[in-house]
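Quick notes on the structure that follows.
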Amino acid sequence: MAPSTDSNVKGETSQVSYKKDINTKTDRVLQNKKHANDIFDVTEYLQSEKDKEVIFATNACSKIFCQLFYRGDLYVGDLPEEEEDLMKGDRSAEEKYGIFMRHRYNNSVELLLENIGHKAFQVKETSLCALMKFVAAEGKHPLQNLDLSEHYNFPRELLRTLVEHLLSENEDMSLLISRFQEFLEMDDVRYYVMSSVRDNIYRVMGRNKKVSVVVFTLPVFQLFVLFFLYIYAYLFYITKWKVAKLKEHKRAFEQMWLVFLKFKLPSNMYKKILVILHESIMPQMSDPTLLIDFLSAAYDIGGAISLLSLNGLFILIHKHNLDYPDFYKKLYSLLDPSIFHVKYRARFFHLVNIFLSSTHLPAYLVAAFVKRFARLSLTAPPTSLLILLPFICNLIRRHPSCRVLIHRPSTPCDDPYVMEEEDPAQSHALESSLWEIKTLQKHYHPDVAKAAMKINEPLTEQEDDISELLELSTFELMERELKAERKTIPLEFDTATELLKSSREVLGVHFSLE
């Protein structure tokens, strides 16, 4: 039995009907001012329950009002509140028409802003594009009488309201913000969006305590990353860009970040920010030391967030002369068994290698790090040990005063080192020995045992390169073992080739397969 085509025919007829209706009304509005009231029928479709009708009407409104902008048919100036009063009085027909269409434009903008939160992404996207066309049109043909003191002929209020809807407190707008990216290529749009984002952060996070911070911060962070990409890109074209303009953008970029980082963020957002902070954000700031409060608060959270925050703190100490006396004490307190299992293990060892690279560090401090790493190695997985053992040897190479830890005989029973001590100066590490490394010489994994054996030999001045080991995983370690060449060893018995078949084995004598 063939399906009825009546519903399809009705659907096609309906589609043709609304398209024809909208196109007809659009043409009438643009061709003759006497048909201005037809604009009501077009804008009514913006509230339709059918997505296709909303999209088609949005494009029609975009066409109508952009042409009215270019013709100069929209009233310029402040509109009194009551539209009915405007149409009365001693006004020309041209002025009344401009006032009428200006009100219809404002109503259309309100409806398009509402559709930014529509359930259908195509409706959202079409509304966004239409609103940005209005932004461009208002920029070229301002709707306000400009004062000579005005900074720039830019529709800041329209863009601010649009950004407010993009940074929704109720839903994730990340996909729409990705579509918004192309508009950020324009310098003026990017600048005023940064200012709008900053104001919206104050509005949402500063006043509304019930807002879902997770939902709100995701689109904010996404916009921040986009801004960084453009600011950074323009640094390479500074000869084509005025230096003063670049400074203005960087200042807006800095203020936007400082406002955002002022508030308490979700843990996953801390991680995303700290991963890019030292390379992407700090270099673009005129005064990176303003981030000290954020970095200190991030460290107090603990775990991987503390680890990632130390990178930024180290940059402030070494490049911006920040006095942070507890830096190495805080770093020392991060050394616990979890460092071998966190996602940022490779980054951690890379950072610690940089932090402990100075030969001017006191011997007691380096000895405390060496001893703590050695103690943690007793419970570390093989992949971490293959990083840790050459790392310890490198530290001893850099600081010869710590060689006493290798040569001093000691046992676990008489070890003076205090593992629970948080202050490395009070841990008595320099009075201890590396008996833990001696223990690892009998490790079940042959590569670990071999690496631990190196401490028995005189250490060369050349440090071991651990960069290739930082990302070593258990799977890669097993693959390496499986691919390694094996030597044939003579045996005193026959190698079994089939189960229960050897006549010289007990099972083969008493059992057989039938």
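In case you wondered, yes, glycine gets a Cβ from its N, Cα and C as well.
Copied over from TrEMBL, here are the features:
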DOMAIN    306-452  domain 'CCAAT-binding factor'
TRANSMEM  213-237  transmembrane segment
TRANSMEM  294-317  transmembrane segment
TRANSMEM  348-370  transmembrane segment
TRANSMEM  376-396  transmembrane segment
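Taking Cβ pairs closer than 8 Å, the transmembrane segment (294-317) reaches residues 261-262, 267, 270-271, 274-275, 277-278, 282, 288, 323-324, 327, 330-331, 334, 338-339, 342-344, 347-348, 351, 354-355 in its own chain, all 6 or more past its ends. Tertiary neighbourhood of the transmembrane segment (376-396): same-chain residues 335-337, 339-341, 345, 349, 353, 356, 366, 369-370, 402-403, 405-406, 434, 436-437, 439-440, 443, 445, 447-448, 451-452, 454-455, 459, 463-464, 466, 469-470, 472-474, 477, selected by CB-CB distance under 8 Å and a gap of 6+ residues from either end. Taken as a whole, the domain 'CCAAT-binding factor' (306-452) shows an average pLDDT of 87 in this prediction. Counting residue by residue with DSSP, the domain 'CCAAT-binding factor' (306-452) contains 100 helix, 0 strand, 47 coil.
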